[in-house]
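These notes concern the structure reproduced below.
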Amino acid sequence: MCHTHDRTWNSEEDSQANKMTDQIIITHYRHVLDVPLADRKALSSDAIASTEEMPRTPNLMNSTPTPPPDEELVEEDSGLITMLWSLSVSSFAIGGMIASFFGGWLGDQLGRIKAMLIANILSLAGALLMGFSKMGPSHILIISGRAVSGLYCGLISGLVPMYIGEIAPTTLRGAIGALHQLAIVTGILISQIVGLDFILGNRELWHILLGLSAVPAVLQSLLLFFCPESPRYLYIKLDEENKAKKSLKRLRGGVDVTKDIAEMRKERSEASSEQKVSIIQLFTNSSYRQPILVSLMLHMAQQFSGINGIFYYSTSIFQTAGLSQPVYATIGVGAINTVFTALSVFLVEKAGRRSLFLIGMSGMFVCAVFMSVGLVLLNKFAWMSYVSMVAIFLFVSFFEIGPGPIPWFMVAEFFSQGPRPAALAIAAFSNWTCNFIVALCFPYIAEFCGPYVFFLFAGVVLAFTLFTYFKVPETKGKSFEEIAAEFRKRGGSARPRKAATEMKFLGAAETA
């Protein structure tokens, strides 16, 4: 039910297989634009090798002080190719940032199921644009396809956690929510495998690799016809109690749903006395301010933890360790990614969300320190590459136990039906924005800090760990009222929620 397919050409999944495919596509750009291959010397090797690096100035170390006119033209052409490739990469994240604001709104207007079906049209359109890119102006089709696919992922990154949070029983809310991240990392692993040069990552079949994202889009669309609409949406938003009961019975398999209906009736009674909650009101209303700030911090912790840096360095570390085929070791990291995400599905309801998040962040802090030590001493002790390799695998494992899956569904648990769409929209936007910032800035930070870059990440992870310990409540098995009470307790306020009065006041203020 998740966006497994289009996020695989993004900052977390930079592998040697993807880099080889990138070079093939860049070469095709040159062919389409009739740019001579001689400009390869003028291009920064880093701009070709990494999907995440932004355009850099051409290497002028070996050029003459006054290059002939033809060399100037070559230089201009190389700049054009670099710019087009950078647009091909960044258009996805920009589309995601824009669309993330509208996921909750679309879900309220059309219902969760219909909204996801509409979103899949974007996914299919993006896949077709990229799949046929070899037959037309490839740079235009790929940039457009990436942007449209980004719009899809922006919408679905809010819709999927919202739907999962509303249909899952309280006792399984965390486990089912973790399936969201499991689907994403499974898609990443599949893309790494099919992106190998002897499968689809070659000059003849790369466009099919890009177009393959249509397959899960079609599969998801077909499966959605068998999925019941969210009973909470039907009852609380549309006041369709009978339809909500039918939907609950389909989801629960004939189990008595009286308790669920009673809980939704109480939630609907509270929601009916509230004005519609906007994104601005999430920050101005004291009842929602702390939960939304915690939500944003959880998503920032996920993106700024250093997971992108791990994938950035992994291939070069595997090469230094003497592996003749580092691409397979990188795929091994993807496999570890998937295995430990699956493990978190079983652990999240036993250990709790907060506990797993703290365990994951603490483990990542230790791994980041060892990673830094390994990189700093790599030139002095060859065996330090193995320390870094172990740190990579453990870092990814700890990430997928906690910080990877938990922020997505924990936000849905913080908020009741009224503020949930707006909260998920701003949380998704925060995640996409942080992802874009990391993709934009990390190559420059890595260049500036060198092997010490993971000491920086260790400090960031430690700060987020302390924040989680003091500010994030446990949500396992708790109702929305109990979670709200936990926030009041941690915020030093013992007064009950007065959402109705506050929202009426805010509504009057807005109309004044």
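Each residue, glycine too, has its Cβ placed from N, Cα and C.
Those TrEMBL annotations? Automatic predictions, nothing curated.
Computed over the domain 'Major facilitator superfamily (MFS) profile' (20-476), the whole-number mean pLDDT of the model equals 85. Annotation source TrEMBL lists domain 'Major facilitator superfamily (MFS) profile' at 20-476.
Long-range neighbours of the transmembrane segment (83-103) within the same chain, counting only residues 6 or more positions beyond its ends whose Cβ lies under 8 Å from a Cβ of the stretch, are 6, 9-10, 22, 25-26, 29, 47, 51-52, 54-55, 115, 119, 139, 142-144, 146-159, 162, 279, 421, 424-426, 428-429, 431-433, 435-436, 439-440. Residues or ranges marked as transmembrane segment in TrEMBL: 83-103 (among others).
Proximity of distant same-chain residues to the transmembrane segment (115-133), defined by a Cβ-Cβ separation under 8 Å and at least 6 residues beyond the stretch ends, is recorded for 1, 3, 5-6, 103, 106-107, 109, 141-142, 144-152, 155-156, 159-160, 163, 207-208, 210-214, 217-218, 220-221, 224. Positions annotated as transmembrane segment by TrEMBL: 115-133 (among others).
Look at TrEMBL and you will find 139-164 (among others) tagged as transmembrane segment.
TrEMBL lists 176-199 (among others) with the feature transmembrane segment.
Annotation source TrEMBL lists transmembrane segment at 205-227 (among others).
The transmembrane segment feature in TrEMBL is assigned to 292-315 (among others). Within its own chain, the transmembrane segment (292-315) is flanked in space by residues 11-16, 19, 50, 52, 282-283, 326-327, 329-330, 333, 357, 361, 364, 368, 371, 375, 388, 392, 395-396, 399, 403-404, 406-407, 410-411, 414, 423, 426-427, 430-431, 434-435, 437-439, 442-443, 446, 453-454, 457-458, 460-461, 464, 467-468, 471-472, 487, which lie at least six positions past its ends and keep a Cβ under 8 Å from the stretch.
TrEMBL lists 327-348 (among others) with the feature transmembrane segment.
Positions annotated as transmembrane segment by TrEMBL: 355-377 (among others). With a cut-off of 8 Å between Cβ atoms, the residues of this chain six or more beyond the transmembrane segment (355-377) that come close are 298, 301, 305-306, 310, 313, 317, 344, 347-348, 384-385, 387-388, 390-392, 394-395, 397-404, 406, 451-455, 457-458, 461-462, 464-465, 468-469, 472, 474.
The transmembrane segment annotation in TrEMBL covers 383-401 (among others).
The feature transmembrane segment is assigned by TrEMBL to 422-446 (among others). Within its own chain, the transmembrane segment (422-446) is flanked in space by residues 10-11, 46, 50, 52-54, 89-90, 93-94, 96-97, 100-105, 154, 157-158, 161-162, 277-279, 281-282, 288, 291-292, 295-296, 299-300, 302-304, 308-309, 312-313, 407, 411-412, 414-415, 453, 456, which lie at least six positions past its ends and keep a Cβ under 8 Å from the stretch.
The transmembrane segment feature in TrEMBL is assigned to 452-470 (among others).
Nonlocal intrachain contacts for the transmembrane segment (139-164), taken as residues 6+ away from its ends with a CB within less than 8 angstroms of a stretch CB, comprise 1-3, 6-7, 9, 25, 29, 32-33, 84, 87-89, 91-104, 106-107, 112-113, 115-116, 119-120, 122-123, 125-130, 132-133, 176-177, 179-180, 210, 213, 217, 230, 408-409, 411-412, 420-421, 424-425, 427-428, 431-432.
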